[in-house]
Amino acid sequence: MGRKVTVAVSTLNQWALDFEGNMVRILQSILEAKDMGASYRTGPELEVCGYSCEDHFREPDTFLHSWEVLLEVMMSPMCENMLVDVGMPVMHRNVAYNCRVAFFNRQILLIRPKMAMCDDGNYRESRWFTAWTKALQTEEYVLPRMIAQHTGQQTVPFGDAVIATRDTCLGYEICEELWNVRSKHIEMSLAGVELIVNSSGSYMELRKAHITSDLIRNASFKAGGAYLFSNLRGCDGQRVYFNGCSAIALNGEILARSQQFALQDVEVTLATIDLEEIRAYRVSLRSRCTAAASAAEYPRIHCDFEMSTHSDIFKTSTPPLNWPMHTPEEEIALGPACWLWDYLRRSGQGGFFLPLSGGVDSSSSATIVHSMCRQIVQAVQQGDAQVLHDIRQLLADSDYTPDNAAGLCNRLLVTCYMGSVNSSKETRRRAAQLANQLGSYHIEISIDSAVNALLSIFNAVTGLTPRFRTQGGCARQNLALQNMQSRIRMVLAYIFAQLTLWVRNRPGGLLVLGSANVDESLRGYLTKYDCSSADINPIGGISKMDLRRFLTYAKDKFNLPVLESIIDAPPTAELEPLQENGELQQTDEADMGMTYAELSQFGRLRKQSFCGPYSMFCHLVATWKSDLSPKEVAEKVKHFFLCYAINRHKMTVLTPSVHAESYSPDDNRFDHRPFLYRPNWSWQFKAIDDEAEKLQPIYTPSSAQLRPSSEDLLISTQRSSHLDDSKHSSPLSSASASASIDVGISTAAVPLPGAAAPGGLSKKPSGYSKVHVNVLGKIKDRTGIPV
């Protein structure tokens with residue numbers, strides 16, 4: 001009997017309900033694993049039908065076609081003399097389960113259902129599947145007749161069991177079970193299971209890849225053994241990007257791993273493991289041996305198969321490797337680009353159309369497309385036949401072979417500067433320079449004639465002509481004129497997206513790309529149905545601060561020097577008239593009444609730390625104590641929640657974007673909230689004001705901690721007593737917390753600091769009046785609600 005086994009984990013780019021394509025990729029992974037000498041192959045979660053079938057999991061067809069694919073795979077000669085398992089949905093006694101189906105030589109050994117559902121973040125598994133709760137138990141599963149006719153089996157074990165070969169034993173966890181507080185791998189390892197297999201559907205979030213590697217290491221470190229982790233990769237039809245990182249670990253060290261980001265549809269990762277290393281490691285852990293001696297016994301399904309052979313002794317065991325992690329800037333460059341590629345090739349469209357303003361956001365979207373082109377060229381040069389086939393099909397050119405990113409970008413990306421009389425020469429110049437350096441097909445248009453045409457219609461009906469604020473108009477007129485420009489750009493974007501390839505004598509149309517970042521979506525700083533309304537958005541899950549860092553990285557990595565001037569330029573929508581000298585008088589942060597750094601912090605506290613208005617104030621009054629007084633913090637928090645509430649409706653029509661940030665306000669699934677709020681948050685804001693009133697007398701900005709004097713404490717106590725006397729009366733009856741929305745943002749006459757330079761806290765004594773007139777005036781007109 002041998003002592004070394006070669007095992008394979010598969011990273012697959014599957015597509016929901018693409019049963020034919022999914023089967024081909026599964027068979028390809030099995031063939032590659034077998035050719036490389038593996039005796040066992042596993043794959044990702046629900047690889048047969050695709051993970052993101054969602055409510056299609058309620059359709060009998062999905063189960064039927066999954067069994068049909070399993071039959072084709074199981075009967076394939078590729079699988080002979082190899083232990084294989086695949087992921088698919090299985091209905092058992094009228095309950096749907098997410099399962100692994102293990103088979104050997106055309107015989108099903110075990111159907112192992114998932115025992116812990118994931119309902120966090122973008123996951124909603126309990127909507128479609130039920131967790132198997134009968135620990136260490138199996139039941140008889142009656143096979144479909146079409147399967148029984150080929151295998152000769154009528155029933156197979158279904159439940160929580162492990163598979164014992166002649167030389168070792170393997171057991172299963174499925175995705176969430178690794179993250180679960182009661183992970184099954186500990187129980188299995190104590191029961192003598194040496195190879196623990198996890199099929200997963202884990203998606204990308206910035207700065208989170210290390211969590212998976214840490215969990216895999218720890219799973220094999222605590223009680224010894226080999227851990228085989230197989231994950232999906234790519235966009236299979238939803239907003240997430242499954243981020244690969246399949247890996248094999250042994251006794252706390254990573255032996256092999258797949259790429260996190262790649263265009264490969266199939267990547268097989270192997271490791272050769274010495275089983276005696278597992279046994280020696282485990283027996284050396286005395287506390288583990290004590291626990292194992294009294295561990296419950298797992299049901300074992302016996303398989304008459306040796307995963308190792310005597311000749312395997314000549315094989316070299318796979319040594320440990322270092323797992324370097326991508327920086328967040330690299331993750332932005334690679335992840336959304338791969339997601340765009342999957343979406344583009346599976347949508348049947350001919351490329352992208354991007355309104356390019358010359359600012360950070362649209363420049364980031366354009367740079368991500370350029371990164372996609374670089375990856376395509378690299379994959380083709382490395383001999384990836386599937387990528388070459390796909391790009392030729394997209395471009396309707398069977399002889400084309402991309403040899404440089406700029407040339408490919410010229411075919412795939414159309415950028416358009418949509419200027420107006422309010423646009424500056426600087427943004428026009430930056431957009432043109434970036435397009436030239438990227439290689440995109442660039443056009444410039446003016447929207448002024450369209451604006452004038454719409455205004456003439458309005459004037460013909462009403463006899464009135466709205467004016468900008470700088471021209472004597474009110475805030476309502478000013479906002480209407482800005483929104484009209486934005487919406488005209490959206491209409492023009494779709495016209496050019498549909499017809500540009502016709503102009504270029506190519507078939508098909510273009511996907512419109514959006515460029516609204518996660519912070520502006522959270523704040524609602526975008527016009528509903530403007531250029532933020534697109535087919536897809538590569539940066540919708542990324543913060544402004546991260547985009548700036550990404551462009552700094554891309555400037556050198558992709559040789560795009562113009563990005564430096566784009567990063568340094570103040571963010572602006574350019575929707576209001578320029579000053580007489582041609583310079584800007586409108587900036588985003590002044591319009592919003594908060595900096596992007598503050599907005600990012602608000603977003604993380606709201607989503608990641610589950611803070612409502614009062615909890616957020618309590619957190620920030622300590623975090624910002626060296627810069628802002630309690631009352632100033634209170635005004636900022638209230639301003640954010642007011643803006644969030646009255647703009648929440650915009651999230652219901654937000655353009656689909658790749659999920660990347662853990663505080664995303666994506667309404668589709670990740671962030672479920674009402675879209676009709678009471679915008680003045682009367683009860684919550686009164687709680688903030690009361691607390692700020694207590695803290696203000698003892699506030700010392702230069703202190704590391706609040707150190708109230710005896711006199712301050714006495715005054716604070718007296719004030720608290722006064723407030724306590726009235727605490728039983730409804731705060732709605734007080735002047736500072738009126739039920740009427742007319743109370744505005746503030747319930748205390750404290751100036752709100754204005755905007756500072758990007759990336760810092762804002763603190764200007766005269767800022768509140770500017771925010772109140774400029775920002776709240778726009779909010780009032782945008783929603784029709786007086787605030």
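Cβ atoms here come from the backbone N, Cα and C positions, even for glycine.
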From the candidates S308, S543, S703, the one which Swiss-Prot records as phosphoserine: S703
Close recorded positions near C175 (active site, nucleophile), where close means Cα within 10 Å, chosen from E45, K114, P355, V360, D361: E45, K114
Distance from K114 (active site, for glutaminase activity) back to G358 (ATP binding site), taken between C-alpha atoms, in Å: 49
E45, D361 as recorded positions, winner by CB count within 10 A: E45
Additional residues around ATP, ordered along the sequence, whose Cβ is within 8 Å of the centroid of P355, L356, S357, G358, G359, V360, D361, S362: S363, S365, A366, T427, A431, S515
Same chain, 6+ residues apart, C-beta under 8 Å of the C-beta of S357 (active site), given in sequence order: Y417, M418, T427, A431, S515, E574
DSSP-derived class (H/G/I helix, E/B strand, else coil) of V360 (ATP binding site): helix
Rounded Cα-Cα span from E45 (active site, proton acceptor) to L356 (ATP binding site), Å: 39
